[in-house]
Amino acid sequence: MSNSVISVISRFLEEYASSTPNKLKVIDAYLLYIMMTGALQFLYCLLVGTFPFNSFLSGFISCVGSFILAVCLRIQINPQNKGEFLSISPERAFADFLFAHTVLHLVVINFIG
Amino acid sequence: IFVSGISASFILLVLSLVLETQALTPTHHLTTTDVARLQAVLSQPFTDLKSAYYSVVGLSKLGISVADAATCRFIKSNLDPSSVESLFFAAEASQALPGCEIPVSNDTRDLLLATVSEDSTASQIHQSVSALSSLGLPLASQEVVSALKARISKEDNVLTIILALQTASRLSQQAELGEILEEIEDLAARLDDLGGVYLQFEEGLEATALFVSAAYALSDHVDMEPPLKEDQVIQLVNSIFSKKSWDSLSEAFSVASAAESLSNNRFHVPVIVSAQGPAAISHSQPFLRLQVTNVLCKPLSSASVLVESATATSSKSAILSQAPFTLRDGVFELNFMASQPASGYYQFSVAIAGDSRFVANHVELKVKVSTRVSINNMDLSVVDKDQSIGPKTTRVEYPAKAKASFMADSHQIFAMTFQLVDETTGVELTPHQTFVRLHNQKTGQEVVFVAEPDSKNLYKFELDTTERKTEFDSISGTYALYLMVGDATLENPILWNVADVVLKFLDEEAPSTIQAKTLYTPKPEIQHLFREPEKKPPTVVSNAFTALVLSPFLLLLILWFKLGANISNFTLSPSTVLFHIGHAAMLGLMYVYWTHLNMFQTLKYLAIIGSFTFLAGNRMLAQKAVKRYTHLLPVFSRPKCCTVITTKYIMNQQHHYQQSNIEH
C-alpha cells in the first residue's frame, strides 16, 4: 500500500519537474511560500492565543487572498488553458493580479490595526 | 362614551345647583388691623392735589374726618382753574373738609359746563359733573345723560361704564336714569367668577371696587335695589377684601370707598362673623364669643344673634336650639357650658337678624368643647400564665408611682387596667391617644403599646414576655412604665410614670449593645475596577514567531534561485522604470497608511499614485505584449521580481524567426 503511494508521488514529482514550464514553477514556489506563511501564522494563533484578534485575521486573510489571486494568475497564464481565456492575454492577467492585490492590501492594512 | 359624558355633566349641573342653594359666607374680610393699615396708607402726607383728593376723601369714607386748615390751604394753592381734573380733585376734597370753600369764577363754571358734551371722555364728563355738583353749581342733567349714553355706545369698556354710573348718581332724580341703571346688570354679567369664591373684573381689583361703590351709589340715589344676588355680593366682598396691602393710593381709595358703600347702602350689608380667639370652650372658659361686624369692622349693635341649632358632630344630637347671644362690650357671647355639653366638637348654626339688609347672615361654626381627664382605678398585677388564680393587684393613684417594682418572666403576664373619666362629670372618655411606653433606662430602648378599651370603656393592657420578646430584642432588665393620654379635646394631657417593671426574657439572644439604625451613615466606598488589559505573551515568544513567519521568504528566494528565475529581461524603458517606481510608492503608501493615515487620505494618495502606476504599467505591459507577438513567443516578464527567459533564449528564437522569414 505505502509502496504504491510512494510510487505515485515520485511519478507525480517527475512529471511535474519535466512538463511544467518554468514560469509556472516560479508561481508554484510563490504559492508554497504563501501557504507556509499562513500556516505558521495559524500555528502561532493556536499556541499563544488570539489577542489581538483583528491582526491575526488580517494577516491570515492576506495569506489566503494572495494564495487565491496567485492561483488565478497561474490558471490564466497556463498555455494549456489558452482556449478558455482567449480574451485575456497574460499581460492582462498580470495587470488584474496587481489590481486585485492592491485592493487586498488596502483592506488588510486597514484591518491590521 | 357620549352617554357617560352627558350623564356626568348632568350630575355636575345638579351638584352645582345643590351647592349654590347653600348660602355663601365671606372667606376674606378686613380685620381691624387691616382697616388700620388702610387708614395709614391713606394718611400718608400728600405731594399733589390728586393724592390730597385720595387721602382726604378716602379717610372721610372710612369715617375719619380731616379737619385741617393746612390741607385746605394746600388744596387752594395747588388748584389750577383751567384744568377740569384739578377742579374735580379740589371740589371733592373741599367738600369732605368742613369749612373749606373753593372760590368759583364764571370762567370756571363755563369751562365745566362746556366739558359736558359727547366729545369729552367719560372721565372728563364725570369730573366736570362731580365738580359742578360739589361746588353747588347748576347743571343740566338731561344733557349729561345724553352725553353719557353717547359715550357708552362709543366706548363700551368697563371703566367708562363705571364712571357713567358714578356720574349718574350726582344728577337730579328727575332725569331719565333708567338706561344707565340697566348698565349695572350688564356690567355685573361681565364679572369673572373664580371658583365660585371670587367675582372680579379682569381689569383688576380697583375696577371691581369702583364698580361696587358706583353701583350702590346710583342704586341709593334712585332707590332701586341693584340686580346683584346675595352670593354675588359675598363673592365681590371676597375679591375686594382679599388683598391686604395696596399698590397705590388710588387702589386703597377704591377699597375704602367700596367698604363704605357696602357698610352704608340701603340694600345689601354683608355681615362678617368671627369667633374671638379660638372657638373653644372649657370649664375655665365657658363663654363662646363672637364678633359680628360690617365690612369696615364696625360692630353691628342693632343685630340680634341667635343659635339656631348646635349639634354634636359625632352623635348628631342637638344640644341647643334657638338660643340667643347676649351683647356685651360690642361682642356677642353665649354661655355654652351651661348646657353641659360632653367634650368633643359641635356644629353651630348661627343666624344674625335685625336688619333686612343683612347679607350672609347665616353662619356655620365649628366649636370645640374641651375637658379635663382623670384616671381612675389604675390596677397593676402580675398573673401566672397557667393559673389565673388570685393575682396580686396593686392600685396606684395618679400622680404617684408604685413603690415596688413588678417582676415578670416568661411564665407570667403583666396586666394593667384603668378607667379614663371626665373630671367634672365623671363620664367615661375614650381619648384618641392612650399609649403605654416601656423605657429601658440602661440601654435607652423604648417600646410603645396601645391600650384598648373594652365594651364597658375599661382600658386593659397586657404584656406577655414571650409573645413580645421581638419588640424588646429579648433584653432583660428594668423598664420604666409610662402611661400617655392625649386628645384634641383634653386640656390636661397626661404622661405618668406608673411603675417599674423588671422583665426577664428566656433566651438571651440579644446583642450586647444596641446598634442605632445605620441608615444615614456613609456606606462602604465602591472601588471602580478599570478594564484589565489583555494578557500578552512574553516578547521572546512574539519575536521568535515573527522570525519564524518571515522565514518562508528565504525559502522562496532559494527556490526561485534554483529555478533560474532572474530579471535579465528587464528593459530600461521609461514606462518600465516609472511603473516600478509607482508600484513601490504604492507599497510604501500601504506602510504609511498603517502607521499614520486614515482610509480617506490613503484613498486620495492611492488614486493619484495608482492612476500614474496604471498608465505606466499599461504602457509597459503593452510593449511586452507587442514584443511577445512580434517574436511569436510567449514572452512574459514579471516585473514584480524575477523573470524566467534568458536573453540568450530570446535571441535564439529571434534568429530562428528571422531565418524563417528570409527563407520565405
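In case you wondered, yes, glycine gets a Cβ from its N, Cα and C as well.
TrEMBL does not curate its annotations; it predicts them automatically.
Quick look at what TrEMBL lists:
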type     : residues  : note
DOMAIN   : B:30-263  : domain 'Ribophorin II N-terminal'
DOMAIN   : B:271-369 : domain 'Ribophorin II second'
DOMAIN   : B:377-503 : domain 'Ribophorin II third'
DOMAIN   : B:530-628 : domain 'Ribophorin II C-terminal'
SIGNAL   : B:1-23    : signal peptide
TRANSMEM : B:544-565 : transmembrane segment
TRANSMEM : B:577-596 : transmembrane segment
TRANSMEM : B:602-621 : transmembrane segment
The correct DSSP tally for the domain 'Ribophorin II third' (B:377-503) reads 4 helix, 70 strand, 53 coil
Arithmetic mean of per-residue pLDDT over the domain 'Ribophorin II second' (B:271-369): 85
For the domain 'Ribophorin II second' (B:271-369), give the DSSP counts of helix residues, strand residues and coil residues. 3 helix, 58 strand, 38 coil
Give me the DSSP three-state residue breakdown of the domain 'Ribophorin II C-terminal' (B:530-628), ordered helix, strand, coil. 77 helix, 1 strand, 21 coil
